[in-house]
Amino acid sequence: MTDNKNHSLISDIKSQIKKFSEKALTLEVGNVISLGDGIVLVDGLDNVMLNEIVRFENGVEGMALNLEEDAVGVVLLGDYSNIKEGDRVYRTKRIVEVPVGDVMLGRVVDALGKAVDNKGNIVANKFSVIEKIAPGVMDRKSVHQPLETGILSIDAMFPIGKGQRELIIGDRQTGKTTIAIDAIINQKGRNVNCVYVAIGQKNSTIANVVRELEAHGAMEYTTVVTANASELPALQYIAPFTGVTIAEEWMHQGKDVLIVYDDLSKHAIAYRTLSLLLRRPPGREAYPGDVFYLHSRLLERACKLKDELGAGSITALPIIETQAGDISAYIPTNVISITDGQIFMMTSLFNAGQRPAIDAGQSVSRVGSAAQIKSVKQTGASLKLELANYRELEAFSQFGSDLDDETKRILKLGKAVMAVIKQAPNKPYNQTDEAIILFTVKEKLIPQVPVERIQDFKEYLLNYFKGTKLRADLEDKKAFDKENTPAFRCAIQKAINSFLNNSQDFKPCEEAEQTAFDKFFNENESIVVDGENDFNFINEEVSLKPTTETSEAVQIEEKVQDFVEPQEILETNKMEENHIFEEVEPEKIICEHHEFEIAENQEKIEGQQVLEDTNHEYSIYETVEQSGEVDNDESKDDDLEVLVPVAEIEHDEAILDERENRNWVFSDSAVSEVEKQTIMISISSNEAEQLFDNAKSVVFFKVTPKYPVEKVLVYVTSPVQKVVGEFDLLKIDVNSVNTSWNKYRSSSVISSRKEYLEYFNSHKEAHALLASKVYKYRKPKDLASFNMNKGPSGFTYLK
């Protein structure tokens, strides 16, 4: 029995000896010589690679960045509080790599690709090293597709193509990040993945960016890589390489990617910090000699691949922060020479309220024009020239008042162009809309619109063309040709006339233009228009008593001939308001709960017109003047007018001093359900005179501010923006446009019905702000001294 056991044991030993391999597992180990400021000197790692990950005894990792003869300089990628001299350091024989693929979409990660958004760990099937050689010359294709930013001035003057590197440069607080975020938001639905790399930013700033992207649904196709200001310099150094590595994976899959580096100035500072701590010799501005190579190898990885490699692209928007507008500093000049153009943000323009504050003179796009669609290229080509002429003459015009007509024309056009390219954040345009807006500049039509109304006119113009065959033709052709150009010229002239409600100054279209215009609109085109204006005469001036409950939402569907213009609708409303009735075809009125037809047989009884519905007990009684004519200047509905107390004018010097010398600032928490707020509104100088000098107590606005409101600060918009006074708010009354005018016209700061209708053109409701006591400042205050954010339709909420 014992012999059998021994025999079995010997057999097992022999079997193990046969399987023995002579290969030995080698483990390279070094020791910590010194450490400090996130840098560790290690000896004993003679075969370590550049950018290789090394691991310390406590599990913290570092990256070998300096390979010297007697030691290795390692930058730490984690907490080094527990590392001490003499600790062992192990090679891992792998380069820094991060997870890539669609699993990264919608995530916020650190410089090592680890999730920091509290949405769980990232489970990736593929990893990629962060340092790669950029695609070669023969692997690339020229830029030929536009990347739409949705920002009018950029798409028109400095277009960006897919695969381009376009620098955004300027001082702090000039709107650089806003442009980049708007560009990301505008990629929604365009099959473009986005990467936003935040380098050295505050955590609160990054959180705001993420919230803004989430609010616009942009995080669905975006990855945010963050190395905030409190992170180790090594993490700030590798963050942009992590971002472009994530982007490259999608590019090689044939997808288009937009990457934003915010910003490379802080990236260069982080690299300078590491280099000085590693005892590398400093150069200009203490930057190491290879700082140019640092950014060139990063930005060269953005490109457009040729079709054989999938035709994917990476478009890079690096951001550089300048000091006092100095673009000749070391890092700005380096990055300008690497990129394919720059967008220069100007502090003076930003402070003057020009947003985006782009300096057209110093900005340029060297390759993007090849990617512009033809319609934008046709209309945007003259934009830079018009602005250059305006800038040149603007300086000279300040030295004298005697200007010739040509100079006045150029200055007027230039001011209009500056207003045209103003654009609020997160309000992108598609390129067809941009082409239509730019057409008004190219054809010199925009100066007809007052500068202060151009922002409203742009929205009006786009709504004017919305859903028309003319716009569809432009979107299909992507160009202005001999057929649609005269039609657009005629249509825009009609739109301007309609917007200004000024038919006596209307410039009729030439015969050829009118013919081209008519070609795009035929008699069979049915347009559904909003019925609020058309049926004001029913709602306000006539007794309409249905037997069953009806909805307030009423629409009219009618056959119209040619192109239905808002001006024509407005004129129809005026006729109806003034009791001018003619024989009309039966119209179908569509209500939410009821449907009825106005009876075809209309009876006239003792000077009254009766319209009866046979299915419902509706009766509409309207007095008709025997002559058939009524004064067009004013409505005769005196019954609706209410008596509003005259506003009390405050004369007490002490009270005025107290009111005038308070400091107001905008507050995110200013609008609450409990605390009463102060709002700021803008009115014309004439309206301000009526309010403060003549004690008119009603100010009209298009929208209602958030409640509750106690005080209202007032600033005038011309000739200069000045805060001229304030008033205590009695109440806010909301009615339809006609009702508000009929009720408050005698107390209104707006003196004429024509001016009132111009202001409320295309709006359903008027909001009357009633003042109880007014306080006129003796020294008007500069609007720029108020720290504020713009609210809806001129409202600013203050504390």
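The backbone N, Cα and C atoms fix where each Cβ goes, glycine too.
Feature annotations, courtesy of Swiss-Prot:
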type    : residues                                       : note
BINDING : G170, D171, R172, Q173, T174, G175, K176, T177 : ATP binding site
REGION  : 1-549                                          : region 'ATP synthase alpha chain'
REGION  : 550-799                                        : region 'Unknown'
SITE    : S363                                           : site 'Required for activity'
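Mean pLDDT of the predicted structure over the region 'ATP synthase alpha chain' (1-549): 87. Cα of R172 (ATP binding site) to Cα of S363 (site 'Required for activity'): a distance of 17 Å.
Between the CA atoms of Q173 (ATP binding site) and S363 (site 'Required for activity') there is a gap of 18 Å. Within 8 Å of the centroid of the Cβ atoms of G170, D171, R172, Q173, T174, G175, K176, T177, where the record puts ATP, the same chain has further Cβ atoms from E321, M345, T347, F350, A357. In the shown protein chains, 12 other C-beta atoms lie within 10 A of the C-beta of Q173 (ATP binding site). Each of the recorded positions T174, T177, S363 was scored by the number of other CB atoms within 10 Å of its CB, and the largest score is that of T174. Counting other Cβ atoms within 10 Å of each Cβ, the lowest count among the binding-site residues G170, R172, K176 belongs to R172. Straight-line distance linking the Cα atoms of T174 (ATP binding site) and S363 (site 'Required for activity'), rounded to a whole number, equals 15 Å. Here S363 (site 'Required for activity') is positioned 14 angstrom away from D171 (ATP binding site), judged by their C-alpha atoms. Looking only at Cα atoms, S363 (site 'Required for activity') sits nearest to G170 among the binding-site residues G170, G175, T177. For the binding-site residues D171, G175, counting C-beta atoms within 10 A of each C-beta gives the highest total at G175.
Secondary structure at K176 (ATP binding site), taken from DSSP and collapsed to helix, strand or coil, is helix.
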